[in-house]
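S.K.: For reference, the structure I am asking about is given below.
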Amino acid sequence: VPSSAPRGSASFQAQGTPGVKLWVLHQAQSVKLPSSVERWPLAPAPELLLAMDAPSKDVGDEKVRISYFREAGGVPVGRAVLYLTCVEVSLDADINRSGAVSRTLLDKASWTWGPEGHGAVLLVNCDRDDPGAEGLDNEDSAVHSYNDLKDMSQVVLRTRGPRAIFAGHRLLLHVDFGDADKIRVFYGGSGAELEKFKHVLGGSKLAYSVRPGRHCHESVFYVEGLAFPDVAFPGLVSLRVTLLESPEKGLLESPIFTDSVVFRVAPWIMTPNTAPPLEVFVCRWVLGAPALPAAGSAPESRFSRSVDDNEGFVEAVGALAERAQCPLTVCPAPQNRQDRWIQDEVEFGYVQAPHKTFPVVFDSPRDRGLKDFPVRSILGPDFGYVARQAPEGASSLDSFGNLEVSPPVTVQGKEYPLGRILIGSSFPRLGGRRMAKAVRDFLVAQKVQAPVELFSDWLHIGHVDEFLSFVPAPDRKGFRLLLASPSACYQLLKEKQEEGFGEAAMFQGLDRVPKPTINEILANEELRKFNDYAQRCIDWNRDLLKQELGLSEQDIVDIPQLFILTGSRADALFPDMVNMLVLGRHLGIPKPFGPVVGGRCCLEQRVRELLEPLGLSCTLIDDFFSYHVLLGEVHCGTNVRRKPFAFKWWHVVP
């Protein structure tokens, strides 16, 4: 206000036309005009605040007049008139996370977590809506279908005001250089025809000049994500629109106003065994080439035979899926190329935005016989794909039998409503094998399922699913953690020996398989010492899981299991019962072929006694010659796509 005052002025008076609201900021207080005070002193440096609620119809159609007065004068000694033109320039997205774009007073330039948080969400457009396309939808700069647009997030640019303003100024939609390879923006103008949608922003395109239509005040842009959060990308990207004043010839444009919207790219989310199953996968194979072991090159088997196909296994899994009312998808032999370990090749998860959720398969770096199956047979409309490679070379620990996730847990008041990812590692052993850095970095960067590294390098295959699993339960936390337990197995065998069944033998009914008795197993000191070591390794993980998942002993069930030394690491002596298929309350458990006592396998009987009181139905599946002899079990040979969490990931507080 003082900058236009004539010399000798001491006070001022301000008046606005009806479309203008005025406040005087005087001595740190704001007073709305008109007020009981007619004149305001020019010292100490008052400010005049103004606002308009509606865009102007014409340039300069609203005014503010300031009159200046001397100390005691009644007649103004000077006047200043400010001509105002109000325009609306607003960049809006689904900041409220309601599933639709709306106007909001929330800060669009920030993104916050939690139930009371705000900020827009962006999906990585990693599915393939056009069956005729070769790659993912986000691998080209074209829109192939309206379904493709539905995977994208909308951004609405609202512009209102006199046409002369927009004709004489430039409106620029732009993205930072560092974000340009993370998003792609499409615009179809005022029409809805698919062929009109063009790539306008992202990649090498850092800015796009928008021309507001004569009769259209809203321009709708569609934004797709190109990359998941990762070690060098926290997941936040910004879009901005700037109104630029066109200068005189030879001068640079100057910005008048900028509005911005921040997106967070939706993370890839795993689902636990306890989530309802939607689809079961299994490979069918026939003996026409050397059978691949579960990981890498296995030492010579202790057993002298396997089977010519896995038809019995596929039928058993199909029957279990039918009881669980879950569809079964069989990967035929030509597609799996003798690779039966479908759990190791892929992990099913999903991505979610307020407007859309779809499953995404995570392809492991192992790349064996099933390496083309995810792209050729799973990737499709509303079914996405993501992969990470291991430049240093993949180890057995990079297979996804070594990737599990817990059900939701609370740890010392800290909630993990989407559970915590569990991966196997060589810790606390120095050296040894570890999951590829690219995979670990990817899992950590998703933020919402903070990973826990367990000790699995003591196992020959080295997967966490060899010693743990989760099953649903009706009480406590809603689940039980199952842990393989040599101690529980020795205790059971000792009980049966004391009951007079010491000569009961393992592996009855299996041809050309050694059949040690209970007495022989209990007398084998080398076997006992090695299983004491295996129990110590499992106990290390037990303590870590109790600490990192907030569990107590009552949340854990010990499943009898023995291990044998293979080379320098452990394999299961008999089919590993924790390596089970969980379909709701229906469990597909590897048949252990334990000592028969009173007409029943004592190992089967003990597992039923432990799990059936939880309302679970136990089905024992014979995988001995089709999987176990190649160092894998039921869980290794199957995979399950499960229902996404009801809990929205943006409500997490990392």
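Heads up, the Cβ atoms here are built off N, Cα and C, so glycines get one too.
Because TrEMBL annotations are produced automatically, they should be read as predictions rather than curated entries.
Okay, these came from TrEMBL:
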type	residues	note
ACT_SITE	ASP344	active site
ACT_SITE	HIS463	active site
ACT_SITE	ASP465	active site
ACT_SITE	CYS636	active site
DOMAIN	2-85	domain 'Protein-arginine deiminase (PAD) N-terminal'
DOMAIN	87-245	domain 'Protein-arginine deiminase (PAD) central'
DOMAIN	256-651	domain 'Protein-arginine deiminase C-terminal'
S.K.: Compare the C-alpha of ASP344 (active site) with the C-alpha of each of the active-site residues HIS463, ASP465, CYS636, and give the closest one.
M.R.: CYS636
S.K.: What residues, ordered by sequence, lie under 8 A Cβ-to-Cβ from ASP465 (active site) and sit at least six positions away in the same chain?
M.R.: GLN343, GLY401, ASN402, GLU404, VAL578, ASN579, HIS635, CYS636
S.K.: Could you give me the DSSP helix, strand and coil counts for the domain 'Protein-arginine deiminase (PAD) N-terminal' (2-85)?
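M.R.: Looking at the domain 'Protein-arginine deiminase (PAD) N-terminal' (2-85) with DSSP, the answer is 3 helix, 41 strand, 40 coil.
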S.K.: Have a look around CYS636 (active site) and count the other CB atoms within 10 A of its CB, chains all included.
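M.R.: So the Cβ neighbour count for CYS636 (active site) comes to 29.
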S.K.: If you average pLDDT over the domain 'Protein-arginine deiminase C-terminal' (256-651), what do you get?
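M.R.: Averaging the confidence scores along the domain 'Protein-arginine deiminase C-terminal' (256-651) gives 94.
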S.K.: If you count Cβ atoms within 10 Å of the Cβ of ASP344 (active site), leaving out that atom itself, what do you get?
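M.R.: Around the Cβ of ASP344 (active site), 28 other Cβ atoms lie within 10 Å.
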